[in-house]
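Annotated features in TrEMBL:
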DOMAIN    13-272  domain 'Protein kinase'
BINDING   K42  ATP binding site
TRANSMEM  354-375  transmembrane segment
DOMAIN    404-470  domain 'PASTA'
DOMAIN    471-536  domain 'PASTA'
DOMAIN    539-606  domain 'PASTA'
Amino acid sequence: MMLQPGSYLQDRYEILALIGTGGMSEVYQAKCHKLNRLVAIKVLKEEFSQDSNFVSKFKMEAQAAAGLSHPNIVSVYDVVDEGDLHYIVMELIEGITLKSYILKKGHLGVKETIGIAIQVAQGIAAAHDQHIVHRDIKPQNMIISRDGKVKVADFGIARAVSSQTIGSNAVGSVHYISPEQAKGGYSDARSDLYSLGITMYEMVTGQVPFDGENTVTIALAHLEEPVLPPSHLNHDVTPSLERIILKATAKKPDRRYRDAYELIADLRHALVDPEDEYLKKEPELDEYSPTVIRDRGEVEFVRDTQRRTGPLDQNWNGGIDVPVVKREPKMAKPPSGKKKKEQHDDVNPQIEKLLTTIGIVAAVIIVAVVLVIFARLGGIFNLGSGNTIEKTTEASAQSEETLKSTECKVPPLVGLNVEQAEQALSDASLKIRYEYAKSADEERGYVIKQSVTSGTIVSKQSEITVTVGEGSGKVDLTKLELNTMTGDEAKLVLESHNLKVELQEETSEETEKGRVLRFEPEKAEPGSSVKVFVSSGPAVPMVPMIDITGMSEEDAGTALEALGLTLGERKEEKSEDVAKGMIISQDIAALTDTPQGTAVGYTVSTGKGKQYVAVINDDFPLKDMFGPSSGDIEITVRIVAIQQVNGKQVEKVLLEPRKMGGNITIPIRYTIPGAEGVLTGELQVQDLTNNKVLKSYPLEYLEVDE
């Protein structure tokens, strides 16, 4: 049911306009008359409103989302049932969706992408802290307000429709869905991070990584196809941002970021050092590796989904062929530095294998013979007792026995960076777990502590906790390259680091207007304020403003021109004292230091003009109203003149409220000025005691010269 502008919900929300329509709802701009503010109202469509299970789940999730309060989340004010009408009252954001913004710009720059992604991730993190997973993260659900703040909408709503499939009636977009959602599996916070990774990919490239003719093709691509690195489409994408995107969009959830906070930390690091190897690089798929083939159950799930919901494209016949790309395995290239004559391409592999085996056996026999000879020589020349070698051998055997095949030694990790520590533990068949702690800034990104001392024998696949230094916690502004940015760009970057920004202008002969000159302090605690000084361009000579009131426009223009100033906006006004054509006032006060080139606004007198007046001359005896007993009556009387001016009633009090006896005769003798151009009115003699009009006189206003 479409709501009409002017209609009310709950006698409180006035519908102003339809501002959007989605798969499950219609969104209206409305005014809350109780709190006198504009809101957005999302109303469930009728096909959803008739499903009681859906409505119940929708209400529960929306009410949970209403408990979220974060600068990067669209606030939910109320969840309402009104008969068959179910709707959510939300914060109204004046701005543009991220999807529209991407379409408008083609693609976004790296710094802008990171700034937006950090804000979105902060909102997601706040929701995940409250155990609310979005499940429909996409740029259509992200709104950029006019002040650059990014907010995520529709938290909790996607869960209500989790029973929906990925077919044409599904809520959300299959272009951003995680592999586990595509195959109907369990989804959690990491599913949101996958969708955010796809969104980041779209921001920097202008396109999603997977597209196709129908939803099944796209869903299977999420399950099977590798993500093409975004730098292949946009060479400006930095290595650090690319690694973040590829990690966030890993097929397996356990290969992605554990939570949004890890993602935020890497995004901030990518701003500081775009080329830094600190960010862990995910293993790349072999260029010629065969396409991943999913098990029958996963493919059948997607097929069944399409059969139940129907194809996205009406011309699609409903069938699905899962292509299996057969490619020849990639041959390893010979190491650099090998000469052609050292390559034996024509050697029969079986002969080469046989020769290798014979060589190994011969080497073992030679070593054994040498050991026997040395043992005997030792006895002949009395180089040591026979027991010495025996004891050493036994000790070695005992040492080997203490390190079983299921055990290993913990390697030293302190001082390594994250990637080196992970590699060292992987080589030792151990798992890694990260913790973070404040440290010296130079230790940021390096291991400062390990849970198990190096050299300790532990079982393989044990988990070793490493504490990684995260620096002092202060943001180092000197590493953000602020001097290469405009003031607005710097503000966006600093706000992504949870800093409050104050922009101030300074003149500069060298720096282009609008670009950053300097900033202070150099390091700042998150949540604190920083000042960014922005160039206002070259300094302009200042001159003291002169007084141009009382001058003609011609004289004022000549006087201002001599100072390098000009006449600006012209206004007109009636004046009792200043002659017509002369200047009454100026926008910039006299003696004020004013930049040369300034246009000075001024007001010119139009003279006294014309006046509209009405004249009345009459007597009104009150005794005619009250009769013989009028002498005993006392009332409060007021006299007013009333005109209708531009649709509004304007009153002019002619006689202030005054107590009078009922036998008094009131003189009605007035010359009444009226509104310009209004020719009629009414004079009322009012009885304020009894709240009634005693007598009314029509008034006629005439135009007269002053």
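Cβ from N, Cα, C; glycine included.
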**Message:** Is it the case that the domain 'Protein kinase' (13-272) and the domain 'PASTA' (471-536) touch, counting contact as three or more CB pairs under 8 Å in which the residues of each pair are 6 or more positions apart?
**Reply:** yes
**Request:** Give me the mean pLDDT over the domain 'Protein kinase' (13-272), rounded to a whole number.
**Result:** 87
**Prompt:** Within 10 Å of the Cβ of K42 (ATP binding site), how many other Cβ atoms are there?
**Reply:** 21
**Residue counts (helix, strand, coil, in that order) that DSSP gives for the domain 'PASTA' (404-470)** = 13 helix, 27 strand, 27 coil
